[in-house]
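**Q** Structure incoming, see below.
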Amino acid sequence: MLILLSTKMFNGVVLLFLAGALACVPRQLTITDEAGLKALADCPCCAVELGSDVTLSENWEPIALFTGTLNGRGKTITVSSLTFGDGYGGVFKHLNQSKIVNLKIRANTEVKGSFTYFGLLAATAVDPYFNQVAVEGTLSIISSLSVPPAESISIGGALGYLTGVEPISDILVKLQMTVITTGSDTVRLNVGMGVGLVEHATLSAIHATGSLEVTGPARFTVGGIVGNSTSAVQYSESYPAELIVTRTGIAATTGFSYDLDLVVGGIAGICSAIQHSRATIPNMKITGISTVGGAAGYLARGTSISSSSWANVTIQVTATGDITAGGFVGWLLSSIRNCTSVGNVSLHTQDQPLPPTVSVGPETAGGGFAGRVSADVDECYAYPDSVICISDNCVSYCGGFIGIFHRQNSSIVVKNSAAVTKLVNATGGLYGIAAGFLSRTENEHVHSGAIYLCAAHGNVIYSSESGENKTTSWKSSISAGFVGYAEYLQISNTYAVTNKIISNGYAFSTAAGYGGSLRYRSTIQDSFAVVSTALEVKASFLRTLYPGYDETQAPDDTLTGGASFVAEVYRNSFIDRCYGRAESINITVNAVNSIEGNRLALLGGLSMLTMTGKLSDSFADVKAMKMKINSTKVQPHVGTIGGLVSSLGAIDDCWTRVDETTVEYSGSASPELDGGIGGIVGSLRLGSTVSNSIAYQTKPININGFTPKNLGSVIGYLHDGIVRRIIVNVSFTGSMSQGQPKAFGGLNVSNINGAMAGQVYYLDAASTGNCGDPTTNADFNSKFGNQMHCVGTSAMQESATYDGINFADDSIFGHDATGYPYLRNLPTLSNPSKEGFADNLRKPSALGVTKERQWNYDKVWTSGDETFNYCPHLKSFKDLRGGQVYVTPGQFSCSPGYSGAFCSTFQCTINGDCGPGGKCNVTPGSCQCGLGLYGSSCSESFCGSNCNKKGACTQLDNYVFTCACDQTSYKHAETCRIGCTNLRNGICIGPGDAICDIPYVSTGTGMCVSPDNLFVSTKKLYLMHTMISSIAIALAIISVVLFAGIVTLIVLLVRNKRIGPTGNYIKMQPQDSIPLEAYASRSVL
């Protein structure tokens, strides 16, 4: 087996074996030149000080092994070029339990060739200790991977490879770093400004500035601090001016982002957690199919939880295929809490049209916080100005907070989180889904997930489809204030406040104030949506559409529309105790009369479509609704509460008020259009139910330019179903040839036995009369005529007649003891036994809702007002930079100086607002922070707890600070701890551990003493060490010879068995890369 090992690996094994055998007593050396540094090859465990700066000559050959201590005393080692014949490059080849302090590496280095591990300080390091180590300058690496030396290569500005037990900390990297590769596209290349590859060790207090640019065909894992790590990164900062990664060649255009062939993060490409760390990168530009995050590209499953970190990164990704990207993390598979992202996200997939035989295409998934979430999220915030996701020919998912909610093998929960955006734009060739919080869910298996105590504040939510030439009805665009498309998802105690929501689709085009499409046993409870300006839907049906990518199947039907709260409630989904409010809802549909298939245009105050789903205890308030169509192939379904209720759908205990509704036809003819326009719902079909509900229109519904075929003051078209306990005050005006319609405009006579009506009250609003028989069907009238009650306007408004019901002042609903709204008692028949229905509307109850998710109803309403004045279900939101987050829609109660969504904007007025040493620029209201502080109000410290008062907060670079601990303390994460109480003449590096100034010697108890005070002189120790070393070397040589003899004997025996060259030899490589396959999902999403 030894024969199969490469020469370089054998040399490394021998060196490590000898080092362990020697167990040397360190000598003390002071180095002043290159020759002294080279001499460390003969003294790997020496205690070394730099007496002066050292400049290395051209083609420096790394020191093979160093296990001692090196005190740079602030001096600099300057590197110009390196050689690495065995694949390891750096000042040192291997660091093994070495301790290096106060050292600076300055590089003006260009490296060419092939290698396995490279770092300017060391190629590899095992359990090292660093304190105030800096690597700076320029580093250019050019490498050909045509004949790769390993399956993975790791490059770091400081270290190529690192492993250890204790956290590794206190390295500053300030590099202009460039890596260019050619050749192989299968090699994994880990690149980090600090470290390339980390296994098991936690990185702590690593700082990176400068810039990083990586180009080539390899499978890149790139990070501002570390490329690839199995562990966490904590108390670290990544501030490169730019991070640019370009994958070239055919491999960059094939595969999917979840293959993880290109992963980039502002702090880490791949790691298990980001803790107490920051990333600020003005320009992160990625080219290629990739997974990208402002802090981490891919947060892998692990035992650690990401926390207390933020990223302000401007991300731009361009590819010809899959993209997954988020302002904080690209793909999240480990839990995260208390993290924030600020920067913008812009994604563009320049893909090609899919052939008819291909059913799975690229996905462009972007989120203001995360591109794809497969783990729990708690107390996280996203504040991007814009999240833009564009796919030229396939699909685009864009969310203000999350792109894709991707459950794999377990349930996940997102809670106590929020997104504040100015623009969310999803444009896709097949479809685009844009939402203020979550674009869509995906499920590999049917596992439930939940979102609660979350919020979305948006200015513009926009979705569109590109490429009108496609004939497929798979084309769609969905825009929603909170969630675009949901399956198996439970949502509660959330809200969305949006200025404008726009869906500009070619085929299936929908928009809603809260949810686009709710499917497969999803629920929304105790939530509300406000659209403060307009909700606009545009659809253009200009050619016949088909179910697939080609025209081999029959023409397909499709629909478009909108509503104030949710567009679709579908497939056993449920809406309960929710509220939608919109200033206006406008639907515009353009189509040609020559197209085949039906086109449905849906408009409802609360929901446009309820199909095998249910709405209950919910209400909507809309100022204006308008639908405009121009084709006889478009069927309008318009209702005050809902457009279409079908397939066992249900609306119960709901009410909607609309001030003004218009349905307009702009074609040259005046046809009788199919569909249904009704007072409460447009069409009721296939066993559906509307019950215990009220529809109120301040003005008559205006019909303009056509005569509806199915127009009813209660239901426009009744296929079959149940209508009971209803109050409708709706009347009509405009182009109607027969005056006011009956209660039911159209009936499906063949299914009349499946219809039922009871205790229905509707308005007699015209002299021609719409009372008397509720329909034109005698059979229906004979069964249910006595259940229909047509009353005048005055009767509906006189309290003496209807027990306090007054539509004009909203007293149609009251508030129970908890303050929750409910409908007041409806009038009942003198003989209720004729109906067999429940007597009154039930009052909604919070019973069954967990305490954590329950609203505090007594604070929801002001007395006599219909609007929210308080949002107590957001109590668990913690203060964010000041202020309490009890809100009215779009407004917050903030502490002095704070404003905006979640009190995230701060403006100072005096110097005292800006913390110790800070100054206030009064005109813009911005703070100039004192030393070591940051944040809009200078309330955050770069040095935790002021270095625990055991050191000074020292500036290393712009926005980079660290604790310079006093002599009795050591650096721990971002602060100082006492470890060496009586230390003099040395540096404390841990509890009872110190690096002593030469000639002092450590006692091992945190003190440095003169060698004259030792019981054994240094000279005697050295002589003893020499003797022990000679014996150890002799034993090691004998062991190696015996081992080689045994291996040779085994080889001879194997040859005698005539094993041919086709045997299965295993290629072994030292420190292979992380097995990414263990992290990535290999199934097609």
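Heads up, the Cβ atoms here are built off N, Cα and C, so glycines get one too.
Unlike curated records, TrEMBL annotations are generated automatically.
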**Q** Determine, on the basis of TrEMBL, the cysteine among C920, C938 paired with C929 in a disulphide.
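**A** Its disulfide partner, as TrEMBL records it, is C938.
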**Q** Where does the mean pLDDT land for the domain 'EGF-like' (904-939)?
**A** 86
**Q** With Cβ-Cβ distance below 8 Å and at least 6 positions apart along the chain, what are the contacts of C938 (disulfide bond)? List them in sequence order.
**A** C914, G915, P916, G918, C927, C929, G930
**Q** Neighbour count, 10 Å Cβ-Cβ cut-off, for C929 (disulfide bond): what number do you get?
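**A** The Cβ of C929 (disulfide bond) has 23 Cβ neighbours within 10 Å.
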